[in-house]
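Copied over from TrEMBL:
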type	residues	note
DOMAIN	22-72	domain 'NXPE C-terminal'
DOMAIN	253-734	domain 'Cas1p 10 TM acyl transferase'
TRANSMEM	269-291	transmembrane segment
TRANSMEM	355-375	transmembrane segment
TRANSMEM	396-417	transmembrane segment
TRANSMEM	452-468	transmembrane segment
TRANSMEM	474-494	transmembrane segment
TRANSMEM	506-526	transmembrane segment
TRANSMEM	561-579	transmembrane segment
TRANSMEM	600-617	transmembrane segment
TRANSMEM	629-647	transmembrane segment
TRANSMEM	659-679	transmembrane segment
TRANSMEM	685-709	transmembrane segment
Amino acid sequence: FKGGDTCEYLLSSGRFLGEKVWQPHSCMMHKYKNSEAKNCLIDKHVVFIGDSRIRQLFYSFIKLINPQVKEEGIKHGNIPFEDKSASIKVDFLWYPEVNGSMRQRIKSWTEGSVAKPHIIVVGAATWSIKIHNGSNEALAQYKINITSIAPLLEKLAISSDVYWVLQDPVYEDMLSESRKMITNEKIDAYNEAAVRILNSSSRNSKAKVKVFSVSKLIAQETIMKSADGLHLPESSRDTNAMILMNVYCNKIMKPIDGSCCQPQPPLTLIQKIAFCFFTLSIIGYLIISLIHRNNYRKNKSCTDLESGEEKKPAISTPNVSTLEMLLHCFCKLGLIMTYFYLCDRANLFMKENKFYTHSSFFIPIVYILVLGVFYTENTKETKVLNREQTDEWKGWMQLVILIYHISGASTFLPVYMHIRVLVAAYLFQTGYGHFSYFWIKGDFGVYRVCQVLFRLNFLVVVLCIVMDRPYQFYYFVPLVTVWFMIIYATLAVWPQIVQKKANGNCLWHFGLLLKLICLLTCIYFLSYSQGAFEKIFSFWPLSKCFELNGNVYEWWFRWKLDRYVVFHGMLFAFIYLALQKRQMISEGKGDPLFSNRVSNVLLFISVVSFLMYSIWASSCKNKTECNELHPSVSVVQILAFILIRNIPGYVRSVYSSFFAWFGKISLELFICQYHIWLAADTKGILVLIPGYPMFNVLVSTFIFVCVAHEISQITNDLAQIVVPKDNSTLLKRLLCIAGFFSGLHFFSSMQDQSRH
């Protein structure tokens, strides 16, 4: 609400999430790794000037570059540090008082012949208080000295980053007798003098000394843990060093999860074209609406004043044209995409880091489960995995995944492993659903393929354009798209084996099983041959879709993580439909799926298997090792859930309409969360209403769900127009789509050239 500069917020305000995680006001702080810190500070010279507190900050800062550094330097002397691999120099200069000596050192950098440091961090006061026993004369002299130094610092600030570190409060009860005169009252007086004098003469915004006051807030929360009452505990000074790194490096490194101090990215050429397109769509729709409204008024029934009879209009109100429907859809989509851009690309709304606690994950889970039970209704059909049941399954899984993302629960390994099963279950349904359709219907036409591809990819393509993100960034859509094409190719390739053909000759069942075995062999080969996989997806134009950060490793990792589950879904569909055709299962309302004895045995095995998987997932100690086993064992819990949900007749005959409603828009929910519920491309949380976390989540969630529902309707409406059933019209539309992507590729190439 106060406006723009997140750097000021980072340097001056924030709060602790838990005990150690610092959350700056309004923006997200990136946790820099050693390699990132080196890349940012390459060929840079950093200087820390001050007393023992500044020396603490100096050590924490250089440990971000080299964690092996030990605090072994001279306590009351200068300490140099150099990283020759990155040509980084960081020096600590011992000047415990703001006096003539400090002024002389700073003045030497303002002279033309001397190389200026790129970053200067200054701060001192406690020694002045201690040496002069907290006298008022010492404070008066401090003001005189800092007044003489301020113009020099402001001169340096034109070309360097200069930070004045305000003095942290002390824990007076723990101070030694020799430091008892250092009181918080005195420290506040010195800080007030520094803030008032610094930048008082500077009118140039570039020549501004940045006041590092956030350290005071951190110290207020942590100084009680100090060893001597004066110096901060290690975790607090590490936080200060990380803040300093974010202030300087975020604008250079541009980390996704470091929104503090990052300028708003400039609009790309493609974004400008998209903005013009949506603007024209809105104007066009308004014009057509006004014309239709005027025509309707002219043709409206009116009363004949002479006879008193009502006259009917000669012309009936025309139906909504295809052009008007198109413009209406793009008009709504344009407004929605504007909201997307404002939320996650413009610096209009605040963003905060995630912070996981068990209560932030499990309490919402219990709440939505209770809500889901309240909305229980009878299903229209009682088949295994009927439409209402699969929508319900998608719905509650999607809600759990959303809670998982906003709570930052990926840091808790047992939760992570269970969420991986939910993602696998989505892919299982992909295999089950598409196999069932092709097997039963035998429809391998272009219309069906285009409909599915359009519904899956429309929103992601629009977001790639508006949000300037690669296709692979929204990894789940490429995943289900590729698996759909694999399922289609497996069943459509000669010989096409469908249920109608197989019913006439049982040998066709073995032919289909042979196809599935070939598919499994290919999956197995690609999963253990990263080179072959990368070669396939590195060919143009596939590389344009599946590369992320210049390579396809991320795509290979995502594909490999759930490589068998789609095959499991296809195999399950084949076995289930074969049993159903031979009437070996009972799907009547209220009837158990099998005989009572078999049902009870299978139900017992399913419950035990479900629990055994959960116990294994909860005992995971290493994410890498568990990810290696996950593709092979995730199907255990999925099949166990299906049997528990479908064997008892009553359970199969009811569903939660609450979960089913969310299930119908699950894809839109999954994609929209990236930008208008979470923030910084899922790394943080969007803050529409600062200061009220619960109210903020309620408001942002309401908007997010409404937008996802609206986009689902827009996609369905556009699918009818863009993908018509008539083959000749469909061919023309496909040529238009090919032209659209060719133009997109052309403008993308122009963008890449301008960036390089």
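The backbone N, Cα and C atoms fix where each Cβ goes, glycine too.
Beyond the transmembrane segment (561-579), the same-chain residues lying 6 or more positions past its ends with a Cβ under 8 Å from any Cβ of the stretch are 384-385, 420, 423-425, 427-433, 435-436, 439-440, 479, 483, 486-487, 490, 499, 509, 512-513, 516, 519-520, 523, 526-527, 585, 627, 630-632, 634-635, 638-639, 642. Counting Cβ pairs under 8 Å to the transmembrane segment (355-375), the top-ranked stretch among 396-417, 452-468, 506-526, 659-679 is 396-417. Taken through DSSP, the domain 'NXPE C-terminal' (22-72) splits into 22 helix, 9 strand, 20 coil. Put simply, of 506-526, 629-647, 659-679, the stretch with the most CB pairs closer than 8 A to the transmembrane segment (600-617) is 629-647. Highlighted: of the candidate stretches 396-417, 452-468, 506-526, 629-647, 685-709, 452-468 has the greatest count of Cβ pairs under 8 Å to the transmembrane segment (474-494). Here the transmembrane segment (659-679) sits apart from the transmembrane segment (629-647); fewer than 3 CB pairs are under 8 Å, leaving out pairs fewer than 6 apart in sequence.
Cβ atoms under 8 Å from those of the transmembrane segment (629-647) belong to residues 384-385, 389, 393, 417, 420-421, 424-425, 428, 527, 560-565, 568, 572, 592-594, 599, 602-603, 606-607, 609-610, 612-614, 616 of the same chain, restricted to positions at least 6 beyond its ends. Long-range contacts of the transmembrane segment (506-526) within the same chain: residues 486, 490-491, 493, 495, 497, 532-533, 536, 563-564, 567, 570-571, 574, 578, each at least 6 residues beyond the stretch ends and with a Cβ under 8 Å from a Cβ of the stretch.
Cβ atoms under 8 Å from those of the transmembrane segment (685-709) belong to residues 1, 25-26, 336, 339, 343-344, 349-354, 406, 665, 668-669, 672-673, 676-679 of the same chain, restricted to positions at least 6 beyond its ends.
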